[in-house]
Amino acid sequence: MTTRPISTDDAGLAAPSDEHSLSVGPNGPLLLQDHYLIQKMAHFNRERVPERVVHAKGGGAHGILQITEDVSQFTKAGLFQKGKETPLFLRFSTVAGELGSADTARDPRGFAIKFYTEEGNYDLVGNNTPIFFIRDPSKFSDFIHSQKRRADTHLRDNNMQWDFWTLSPESAHQVTFLMTDRGIPASWRNMHGFGSHTFLWYNAAGAKFWVKYHFRTEQGIRNYTGDEAAALLVDPDHHIRDLHTAIAAGDHPSWKVNVQIMPFEAAADYRFNPFDLTKVWPHSDYPEITIGRFVLNRNPENYFTEVEQASFEPSNMVPGIGASPDKMLQGRLFSYPDTHRYRIGPNYLQLPINQPRNAVNSYNFDGPMAFRSSQDPVYAPNSVNGPAADPSLYEGEGYHVTGELLRSAYAKHAEDDDYVQPRALWENVLSETDRAHLVSNVVGHASAPEVTADMKKRVVEYWTNIHKDLGQGVARGLGLS
Ligand code: NDP
Ligand code: HEM
C-alpha cells in the first residue's frame, strides 16, 4: 500500500478534511472558527496577479546561451565573451489579447529574454519584429488603447485601429510587417526575435559602439495564412502547446545570435536616424555577424511562478551594455520596473524566476513579501566595511549630449521618411505571393463592418504612400476603384 502525505494548510497544520467544512450538525450553518476553510477561500480569492497590461497571453521556457565568437573588441559584458554559457528564461507572448486569448491572432509576438549572468540579470525584452509602431513613448498608451477595447461596447474595433495608424504615419513600416504572413507565425519556434532598439556596447578600454540584436530561428520561418489561423481558433493555446510538446519530446528549439555593429561616431550622419525604432539598419550598410546561439531545453514546472510572475525589464543591463538615446527605449527603462512593482509587488526581484544568480548586496530592503534577509550595515556610505560601489565597472558608458529642452520630433537624417523602408520591403523583399497576401490581409482587416467609408479612403491613402501598386490593390479589394 502506498503511503500518502497528510494534506496541510499553508502553516503546515494537518488539514481536518479535504472535502467537508465545519458545520453545526450535518445540515447546520458553518462556523467562523473553521480557519482551514477560511484560509482556503481567502487564498483562492487572491490567486491572480493582475494580468500584464500588454502581452498578457504567453508561454516560456528555460535555456542556455553559448557564445562562439570573440566580440571583446566591442563589449566587455561577461555573457558575450567567447566560450561563455549563460542560463536564460524566454517568454513569448501576443500583445493585445487578454490572458485567455488566441495564440494565433495577427499581432506582433513578444520575445523577452532574461539572461542570468554572473554580473546580474540582463533582460532583452524584444519582439519578433525589428521595428515598432511609434517612435515616442508618449504615444504608447494611446496606441495600445486603440488596439484593445472600446470604452462603450468593450469590443475591439478595427476602425479605431486604422484611425490611430493612419494618423500616425510612423506606424507604416510595422503595420506592413504585421499585415504580411509574418504577422501570424505558425509557432513561436518558427519566428525570429529582435532586440529592436539600438543599444550601446563598450569594451574594456571604454571604446563605444551601437548594436542591434537579431535572433534567427534555426527551425526556419513558418507562418499561417489568415484562413489557417482562423481554423485554429478552436485551440487558443496552440503556441503554448507547440512549445511545451516540442521541448518535452527533446526537440529543443534554437536561435542564432546575430548582431549589427555601428561605430559610435557613425551614428551622427548615418543616412537614417539609427535610434528611430521605426527603422532597421539595412544589411548592406551593417551586415549581421553571428556571435553564438541559444537553445530552449527545459519546460517550466509551474506556469504561475515561472511564467506569470516573470518580470522582464529593459533597464536590466550589465557593465559593457548601455542605453541609446532611442526615446522609446528611454520610456521603457521607466515603465517595466514600475509595472512590476504594481503587478507583482516591490520585492518581485526576490522571486526565484526573477532572482539574479550572483550575490545581491543591495541597500534596498523590507516591504511586502520580503524574503531576502537584510544585513547590517543598512546604509551607505558606511565605515564598517559594508558593500561599496565600483564606478570603474561602468567606465565607457557615458557620452556627451547637448541640446535645448523641447518637445519635438527627431531631427531628420538624410533619408528619413516613414515610407522608404516599408517600400523597400514591398519592392525588394516580398515575393509575388507575399504581396498578394499582404493586400488581402489588409483588405480583410479594413473590411470589418465597423470600418467606415471615410476610414477606408484613409486606409487606401496610407498604403498608396508606401507604394502605388499596394494602394491600388487595397483600393480594388475595398471596392474603391
Ligand atoms: P535584406 O534583403 O538584406 O534583408 C531583408 C530582411 O527581410 C531579411 O532579414 C529577411 O528575413 C526579412 N524578410 C523576408 N521576408 C519578410 C517578410 N515577409 N516580412 C518581413 N521581413 C521579411 O534587405 P535590407 O536589410 O536592406 O532590408 C530591406 C527591408 O527588409 C527593410 O526595409 C525591412 O522592411 C526588412 N527587414 C530588414 C531587416 C534588417 O534588419 N535590415 C530585418 C527584417 C526585415 P529572412 O532572412 O528571415 O528572410
Ligand atoms: C510588456 C510597456 C514598447 C516588448 C510590457 C508591459 C508594459 C510595457 C507596461 C507589461 C509588463 C508586465 O506587466 O510584466 C511598454 C512601453 C513601451 C513598450 C511603455 C514604449 C514606450 C515595447 C517595445 C517592445 C516591447 C518596443 C519590443 C521591442 C514587450 C514585451 C513584453 C512587454 C516582449 C512582455 C514581457 C513579458 O513576457 O513579460 N510593455 N512597452 N514593448 N513589452 Fe512593452
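From the backbone N, Cα and C atoms, a Cβ is placed for every residue, glycine too.
No curator has checked TrEMBL annotations; they are predicted automatically.
Beyond the region 'Disordered' (1-25), the same-chain residues lying 6 or more positions past its ends with a Cβ under 8 Å from any Cβ of the stretch are 31, 33-37, 39-40, 43. The region 'Disordered' feature in TrEMBL is assigned to 1-25.
TrEMBL lists 8-388 with the feature domain 'Catalase core'.
HIS55 (active site) falls within neither a helix nor a strand when secondary structure is assigned with DSSP, and so counts as coil. If you look up TrEMBL, you'll see HIS55 (among others) marked as active site.
Counting every protein chain shown, the number of other Cβ atoms lying within 10 Å of the Cβ of ASN127 (active site) is 24. The active site annotation in TrEMBL covers ASN127 (among others).
For TYR336 (heme binding site), the number of other Cβ atoms no farther than 10 Å from its own Cβ, over all displayed protein chains, is 18. Per TrEMBL, the feature heme binding site maps to TYR336.
In sequence order, SER93, THR94, VAL95, GLY110, ALA112 are the residues near HIS55 (active site), counting only same-chain partners six or more apart with C-beta under 8 A.
As a whole-number mean, the pLDDT of the domain 'Catalase core' (8-388) in this prediction is 97. Helix, strand and coil residue tallies for the region 'Disordered' (1-25), in that order: 0 helix, 3 strand, 22 coil [DSSP].
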